[in-house]
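These notes concern the structure reproduced below.
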């Protein structure tokens, strides 16, 4: 009956009665493709391409939301002025020398509306990276476009794009080009492994990154050799998160263990890459766990800051090449200092009764009662540079005076970089100053924490004196910056 109709009669299916054996597919029998043998890296390649696409997606998202304010028409360091300086240095020509100094397709695009040009590059990168991430397939053309777009932004980004992860993303993206077929967008074939040159290119990349970071620590700050750096790092890193607040209070032996593990991962584990397949897999697992730990517990970003030229090419840096070494924290700051921008409506900035109100940034410490923020994998470029500026001088960071002028004029672009504007809906401030403070985490369960304070601070002194728009005119003229006008 019904059972027979469904083919449930004993003996109807080979192998369903004792002594019977299943038939093996013959030459003409359809069968599924065999699983890919070890060494084809089929699944690894798919995951890796999607991860590269995700990194590009985040990078272009940051560019879209922040480039106009940082390097746009009214940016703190306008890239149009930067390119004009390069062009002037090379006798007013866009020649091979200029292109090799700052390789970017912006040389050939419209400069009359630089904000739109920057947005178009970022949006194109967002669209392509989103496609690769969702579809899980790509070709060399798409990956090359992503690499060229990001290279073009990095090479006009000046100090805002001077971090080591920019060159690392470019090198990773460059290698990713050769994981893909040339034209087709079909899914990656299971039985066509990538070139061994590409595989070893990625291995060499991670080997250099991790071993370089470990060696520069050992040769740098003595606290890495004494195993005490983690006593300070959670509190003094550029942008701590809430977990770092509690990790900072871990017992001393835990911080020593962390530092030892760091040395093991960075100095010994990289050599696992050359010890066979099983050790390669162990290397990968350990590195993934290490990077997840870094992302969760600390903004342990590796950084590489350029030394700015003080000559005729002010603020021009050489383009990061794909083979640049990515280095890590050679030294750890033992104290955290912050620059706090304050404005007042008082006519006299020296009046002891003047009320100074603070501008809070998106993520960097400021308001003592504001919880540290989670940002990974996003990146607030201004907040990070404010951390570096705090242990330098404003003369070394002229963009901070540029920012003060824009806040005096209440320019919308500059205000979008801030978390709070104390003068919203009121007359703009007449004066802005920079104050220098020492910051420390409050103690969990202590007096300050019970009052809702995540931080405690002590004033060090002035960072830059009170400035007003009138007094900044010559400063702006000397640097060819557009003078901010109050709306």
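Quick reminder: no glycine exception, Cβ is built from N, Cα and C everywhere.
In TrEMBL, annotation is done automatically, which means it is predicted and not curated.
Annotated range for transmembrane segment in TrEMBL, selecting from 42-64, 65-87: 42-64. Ranges compared are 1-35, 106-140, and TrEMBL records region 'Disordered' for 1-35. Counting residues 6+ beyond its ends, the transmembrane segment (121-151) has Cβ neighbours under 8 Å at 46, 49-50, 52-54, 56-57, 59-61, 63-64, 67, 103-106, 169-170, 173-174, 176-188, 319 in the same chain. Taking DSSP states H, G and I as helix and E and B as strand, the domain 'Lipase maturation factor 1/2 N-terminal' (161-292) has 96 helix, 0 strand, 36 coil. In terms of DSSP secondary structure, the domain 'Lipase maturation factor 1/2 C-terminal' (330-465) contains 31 helix, 35 strand, 70 coil.
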